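As recorded in Swiss-Prot, the features of this protein are as follows:
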{"type": "SIGNAL", "residues": "1-24", "note": "signal peptide"}
{"type": "CARBOHYD", "residues": "37", "note": "N-linked glycosylation site"}
{"type": "CARBOHYD", "residues": "67", "note": "N-linked glycosylation site"}
{"type": "CARBOHYD", "residues": "99", "note": "N-linked glycosylation site"}
{"type": "CARBOHYD", "residues": "139", "note": "N-linked glycosylation site"}
{"type": "CARBOHYD", "residues": "146", "note": "N-linked glycosylation site"}
{"type": "CARBOHYD", "residues": "209", "note": "N-linked glycosylation site"}
{"type": "CARBOHYD", "residues": "249", "note": "N-linked glycosylation site"}
{"type": "CARBOHYD", "residues": "331", "note": "N-linked glycosylation site"}
{"type": "ACT_SITE", "residues": "481", "note": "active site, nucleophile"}
{"type": "ACT_SITE", "residues": "484", "note": "active site"}
{"type": "CARBOHYD", "residues": "589", "note": "N-linked glycosylation site"}
{"type": "ACT_SITE", "residues": "647", "note": "active site, proton donor"}
{"type": "CARBOHYD", "residues": "810", "note": "N-linked glycosylation site"}
{"type": "CARBOHYD", "residues": "942", "note": "N-linked glycosylation site"}
{"type": "CARBOHYD", "residues": "954", "note": "N-linked glycosylation site"}
């Protein structure tokens with residue numbers, strides 16, 4: 001959720017004046033960096049240099065390696081500064097310490113820090129971030145890489161042994177290591193293919209003219225700018241010509257991929273340029289990890305990285321259903337009506353979500369006693385439980401700062417308990433840091449505090465009572481928002497002003513007047529209906545807002561000698577005005593319980609909240625997998641939660657960009673990811689929402705979410721959207737066993753569930769930047785329509801002529817030529833889906849909820865390759881528990897006319913197998929048996945080369961996979 005652009009203009013002037021006053025006072029006491037004077041304009045803001053200014057490091061000479069020691073485990077050395085300090089953007093350290101560790105056969109860690117350990121060292125703080133990467137096996141007897149270096153000047157490079165590829169190469173580049181500026185540069189191959197460096201709005205392939213900034217930022221969908229999360233890892237894919245395919249007269253290629261991680265939570269720019277990539281960090285040390293990757297598949301490279309930061313959580317089965325949400329439901333009755341509308345429209349819906357509307361005056365862990373009364377909520381929850389549906393409320397990061405002089409605030413437990421337990425972030429002087437968010441002046445939990453889990457657990461338990469549930473948990477997960485954490489003022493603006501609370505919530509939120517590109521206004525009837533429905537949405541108003549009483553001064557900054565926190569001399573390319581790193585965010589000078597400044601761990605606040613929420617929820621509901629959807633993420637967030645792509649717009653471009661966003665987050669180890677379907681900001685329209693609802697059915701996390709005052713966009717609002725949704729959801733719910741299997745695979749070893757085409761077909765360089773199509777697992781290729789007013793879409797179907805693709809709907813082979821686009825018919829209510837030959841897809845007959853679908857018989861869809869073979873797998877468990885008493889894995893193979901199923905594990909599935917469909921079968925069988933029993937019910941189509949076998953329930957009445965079986969044609 002964001003503050004509207006229109007309303008920002010009402011208070012930004014006052015806030016910028018606060019910046020000027022505060023920073024001006026600070027810089028009068030700090031005007032020297034090294035031996036250079038800093039120019040201070042009259043407004044008090046120091047003149048700083050960014051990536052767009054002339055580079056200051058041209059005179060830096062780098063370092064020389066001395067006292068070098070090599071061992072089986074790695075290399076250590078001291079690095080002595082060459083020449084005079086260059087003072088590029090700070091004070092140069094004269095002596096550094098190098099520690100190269102061969103941590104795994106496929107991973108090397110290059111650590112460079114100042115010799116006196118002055119700089120903050122992220123890897124020394126396992127209390128902040130603990131990952132498998134911190135527990136290496138030191139299996140260095142069969143290293144897959146070589147680490148090489150030159151001593152004077154010091155430079156290093158990492159190569160892959162098997163093919164000699166140079167993976168990271170600083171030769172010819174100078175290392176710069178200053179107190180608030182660290183620079184490391186690697187040479188890049190020509191026209192390199194880079195993916196990752198999340199989170200940003202960009203196409204899949206990053207290109208070589210881009211600056212990626214890492215600084216958590218509350219801004220809705222800014223293209224090529226920093227956003228909510230920080231994942232400073234990239235995967236590079238390379239291609240090599242190795243011959244000619246005589247049949248196709250085409251060059252053939254081999255490929256390789258590798259990964260690079262710069263482990264830091266500090267602010268950073270990463271410059272992608274034509275022949276180099278450069279890191280520019282404003283603090284910390286260098287902790288570089290190079291992954292040797294794979295010469296076979298980028299999936300292996302992704303797995304190396306994900307397994308090092310922590311394998312993703314396995315979410316409950318129900319999370320794969322469809323989720324309905326909007327900001328602006330006036331009361332619980334409206335949500336009840338929405339639920340009934342879904343039923344009437346025969347559209348599946350799994351979960352209903354509440355935005356901040358349900359809260360009392362937008363205060364966390366409260367419930368509006370009138371609009372969301374306990375009795376009404378209990379009726380609502382009872383209906384959900386009886387229909388196997390779910391509820392998820394939002395929880396913002398900021399806690400309302402109760403006014404000690406206002407007795408109506410006396411009962412606000414989250415604040416007073418936080419004060420008593422000393423939970424909140426502090427100012428440098430030790431007072432509580434007070435910002436401003438929806439409820440007024442707010443404090444912010446310190447999620448690194450060892451006592452915060454108990455505090456957060458108690459707050460969540462209190463929320464269950466506020467819902468009238470007497471301690472039972474009525475919600476199935478939580479939605480953590482605004483957790484960069486966002487703040488609507490600069491600095492600790494409310495430190496001396498809590499007595500003005502309750503400052504009423506915002507009064508200036510307004511409708512976002514934007515409509516999708518290519519909007520067709522001819523269909524005014526349904527548009528008017530949707531708009532009218534939106535008018536019933538209510539937003540609380542009041543006579544004053546927190547922004548009208550924001551203090552014109554900010555708390556003085558806490559500074560180390562010659563160390564500037566809020567205005568470092570190098571300005572990373574932060575999206576906020578003047579690259580201000582303290583704007584619209586909790587200031588980097590805020591400190592944790594042990595005095596650590598946010599400046600050094602800035603990008604991991606959302607990660608901390610997700611981790612703490614996971615721990616708290618597991619204490620409340622032991623052995624039940626928590627579901628936490630977080631806006632801000634960091635390396636390893638997927639271990640504990642899911643992610644949505646934030647406050648997008650109802651634009652075709654945002655629908656397109658969401659494909660790359662989902663693919664990249666799967667590479668980052670967060671497979672449960674999706675966008676706000678139909679868009680959050682601005683009015684959607686019938687065509688865009690129809691296309692997006694269809695595409696969303698093939699995203700791991702599938703939720704329609706809408707902004708306050710925008711027209712309604714629930715799928716039943718328009719007839720065509722309702723029909724498109726039903727069709728796409730029928731496919732999704734049919735494929736729930738397949739979805740659960742690929743999500744389990746992601747949790748088990750890091751294999752991405754949603755994939756770019758180049759990941760699945762790595763030896764085709766033409767796929768390197770294909771981002772208008774995507775793969776779901778190994779077997780499904782989705783080709784959505786991403787522009788208005790069209791009935792056709794083009795897509796590529798990868799693989800050589802031995803590869804087969806089948807149309808999902810008519811089961812016929814798609815006629816294609818190697819490396820050429822195919823034009824596909826795509827009427828408004830249709831999304832093109834193709835099945836890859838060689839696949840066995842486990843399915844179940846769909847119902848309106850995931851629970852009901854799980855009770856239905858199984859089906860198998862077998863799509864044969866050119867050799868008449870296929871393989872597949874199925875994974876099932878109880879869909880709920882963390883510690884599992886039983887699981888079931890089934891391996892499917894089809895070869896020489898026999899379909900085999902081999903189950904392992906003790907989880908019992910009582911549902912029978914109903915049907916088997918086989919595609920690409922060139923002739924009809926004369927007879928069919930299942931474990932020797934005759935099967936008489938089957939049909940074969942010569943036109944489609946499709947065999948449909950039905951009536952298997954009686955033979956498999958004890959369970960589809962209770963035993964191994966062979967289906968023989």
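Positions of Cβ are set from backbone N, Cα and C atoms, glycine also.
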Could you check what DSSP calls the residue listed as 'active site' once collapsed to helix, strand or coil?
coil
Find the shortest Cα-Cα separation between residue 484 (active site) and the glycosylation sites 99, 589, 954, and name the residue that gives it.
589
List nothing but the one residue from 209, 589 whose Cβ has the fewest other Cβ atoms within 10 Å; the candidates are the glycosylation sites.
209
Quick check on the active-site residues: of 481, 647, whose CB has the lowest count of neighbouring CB atoms inside 10 Å?
647
CA-CA, which of the recorded positions 99, 146, 331, 481, 810 lies nearest the residue listed as 'active site, proton donor'?
481
For residue 139 (N-linked glycosylation site), what is the tally of other C-beta atoms lying within 10 angstroms of its C-beta?
13
My understanding is the cutoff is Cβ-Cβ under 8 Å with a sequence separation of 6 or more in the same chain; which residues meet that for residue 810 (N-linked glycosylation site)?
944
Measuring Cα to Cα, how many Å separate residue 67 (N-linked glycosylation site) from residue 209 (N-linked glycosylation site)?
39
Could you check which of the glycosylation sites 146, 209, 331, 954 is the closest Cα neighbour of residue 249 (N-linked glycosylation site)?
209
Which of the three DSSP states, helix, strand or coil, fits residue 146 (N-linked glycosylation site)?
strand
Going by Cα-Cα distance, pick out whichever of the glycosylation sites 99, 139, 209, 589 is nearest to residue 942 (N-linked glycosylation site).
209
Among 139, 589, 954, these being the glycosylation sites, pick the one whose CA is nearest to that of residue 99 (N-linked glycosylation site).
139
Taking just the CA atoms, what is the gap between residue 139 (N-linked glycosylation site) and residue 954 (N-linked glycosylation site) in Å?
53
